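To keep things clear, I will list the structure first and then write my remarks on it.
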C-alpha cells in the first residue's frame, strides 16, 4: 500500500484505484489462456507479475471508497466463467450489431458506443478508397447515420438520399436494402417534425416489404409500428392504435406468447393511451410489457429501466408524484448500474426525476437534476445538438416557475439559438421555443410581447400540423389567455372556442385537455361577470377531472381555486372559503413550501375572511402570501393583487394611511404592466375612490371613480357587477360633491 500512497502524494488531483481480482482457475478454460504467471520472464524478478490476455473479462462486484483515504478506491473484480450466460449474450449481440470488416467494422463500433465524430472521420477516409458503387452507397448510408446521431438532420437526409440514389441504380426495385433506406429517411423527417414526409417514406418501405414478405413477417410489424408512431405524433390516435394493434397481431401469430417483442407492442399501445389521457389503460399495457420483461431479463437490464420509466411517466401525468418518483428512481438505479456515467440515457433519467420535482415546486432539487443531465449532454453531444436545447429549455422552465424571468429568458434563448441552427424554420420544436419565451413574458405581465411570441408559435403550428391537432388547440388557448389577461374577454372567448372545437374532434371525451378548455371558459365568464355560466363550465371541468384523476390530484387545485373565485364573486363566502381551503390543502401536500401558488391561495383565503368581517384573520393570511411573494421573484401582477387585498382589509379596519400605502404599491405595478384601459386598473381606481370617500377627500374620490367608470364602460358589459358597483360608488360620491 505504501507505493500507492507515495503516488497519491505526488499528485494532489489524482484518484487512486486498487483492483482486487478473484480468479477461480476451475472456471477458466485452459484453451483460452486468459492469464499467465511471468515471474521468470520479468525485467524485475522480485515482482510477482501476471500477464492478462487483452480479451479477459471481469465482473465488477463492488466499488467502494477506502476508509482511511478519501482519494483511494477499491474495486472488487471476479474473472468471468467461459460459460457465463450474460457474457455469451453480450458477445453474440456485439457480433450481430457490429458486423463487417476492417474500417467498416470499426466505424460501426464507433456509432454503437456514441463516438459519432470519430465514426464520421473513419467513413470519410473509407469513402476516399471506395472501389465500387455498393461500398459507396453503404458508406453514404453510414455517414447519414452518424449525422442523424449528431442531430444534424438536414445533412443526414442528404447522405441517406445519396445512398438511396446509388442503390436504385445497382439493385432490383424490390431489394430489401431499399426499404431500409426509405425507413431511415422517414426516421429523420420524423425527427425534423415533418410528419407528412415521414409517413410518405415509411409507407414506401411498407409497400416494398408487403410485396416480398409473408403476411406475418416481423419486418411488417416494424413498419406498422413506425407508421403508428407518426400517427400518434399527429394526434391521429385511432389510426395509431389500429397500426400498433396490427403489429401486435403479427407478433402474436409469429412469436411465442411471452416473447420480448410483444412487450415492445404493449409499450407502444400504452404510449398512445397515455397521450390520449386514458391513464388506467396506459398503465394496463405498460404493466403487461413489464411482466414479460421481468420473466426474460436480468434484474439490471436497461429494458426494465425503460419499463419503470414509462410507468413513472403515467403516474407523473396523473399527478401522483410520489409514485412517479418511485418508478423513475427504480429506472435510474438500473441505468446507474448498467450504463457508463456519461451515457445519454442517464441524462434522460435525471431529466425525468427533475420534472417531478418541478411539478412539486422543489426548485433546488429540480436544478440539481437538470444540471446533472445537462453535464452529461455537454460531454457526450456536439455543441448544437437538439438534445442540448431540450436541456437549456428544462432549466429555463425552472427559472420561469421560480419567477426568475431574466434567467428563464437567458436559457430559453440558448435553446432557441440551437434549434434555429439545427432545425428547419417550420419545425415544431421552434414553435415550442416561441411558446416558452411567450410564457415568460406573460408571467412578467408584458402581454404585447407574449402575444408576439405566441403568434409566431401559432404560425408554425398552422403550417406544420393537421388542422385538428391538439397542439393547435393549446396554441389557441394560449392566445386566448393573453387576451383574457388584457381584458379583451370576447376575443379571448373566440380563441377558447377554437381550441375547444379542435379538442372535441381530436381527443376522447374525458381527456384532461377538455377540462382545461372548460377552465378557460370559466376564467372569461367570471371576468365578464357571468357567474352562472362560469360555474357551469367549472362543473364540467370537475366532472372530467373526477373521471381521470384520483382525489387530491394537483389538477383539482386550479379548479377549486376557480370555484372559490366564482363563489366569492357571487357573495357565497362560505362556499368560496371551502373551495379555497381545498385548493390550499392539495398545494401544501404537493408543492414546495415557498411555491408562488401557495401565496395566491393564502391571499384568496385572506380576502374571503375580509369579506366575512374577520379582518385580523385576513391580515394573517395576506402576510403569509407576502412572506412568499416578497422573498421570491414571482409574477408582479400576483403581488399587486395581494397588495390590493391588504389595502382593502386595512380600509375596512379604518386604517386609511396603511390602506393607501398598499393601494399605491398595487397601482404602481398594474400601471407598469397593464394596458391603460385594463379592467384590473378600474378595480384599483375604485379602491382609491372608496378610500377617499371614507376620508372625505371627495374631489380625489370623484377623480378615481371617473377613471374606473371610463375603463369599465369601454371594456365591460352594461350589466357587469363591477360596472354596477362603480356606478353605485359614483352616486355616493356625487351626493357629497
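Every residue gets a Cβ built from N, Cα and C, even glycine.
For 100-133, 179-212, 221-254, 263-296, 305-338, 431-464, 473-506, 515-548, 557-590, 599-632, 640-673, 682-715 (among others), the entry in TrEMBL reads repeat 'TPR'.
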Which whole number is the mean pLDDT over the repeat 'TPR' (640-673)?
96
Cβ-Cβ under 8 Å with the repeat 'TPR' (305-338): same-chain residues at least 6 beyond its ends:
263, 267, 270-271, 274, 277, 279, 282-283, 286-287, 289-290, 293, 299, 345-346, 348-350, 352-353, 355-356, 359-360, 548-550, 553-555, 590
What else in the chain is close to the repeat 'TPR' (599-632), if you only count residues 6 or more beyond its ends and a Cβ gap under 8 Å?
402-403, 561, 564-565, 568, 571, 573, 576-577, 580-581, 583-584, 587, 638-639, 641-642, 645-646, 648-649, 652-653
Six or more residues beyond either end and a Cβ under 8 Å away: which residues meet both conditions relative to the repeat 'TPR' (557-590)?
319, 321, 359-361, 515, 519, 522-523, 526, 529, 531, 534-535, 538, 541-542, 545, 597-598, 600-602, 604-605, 607-609, 611-612, 721
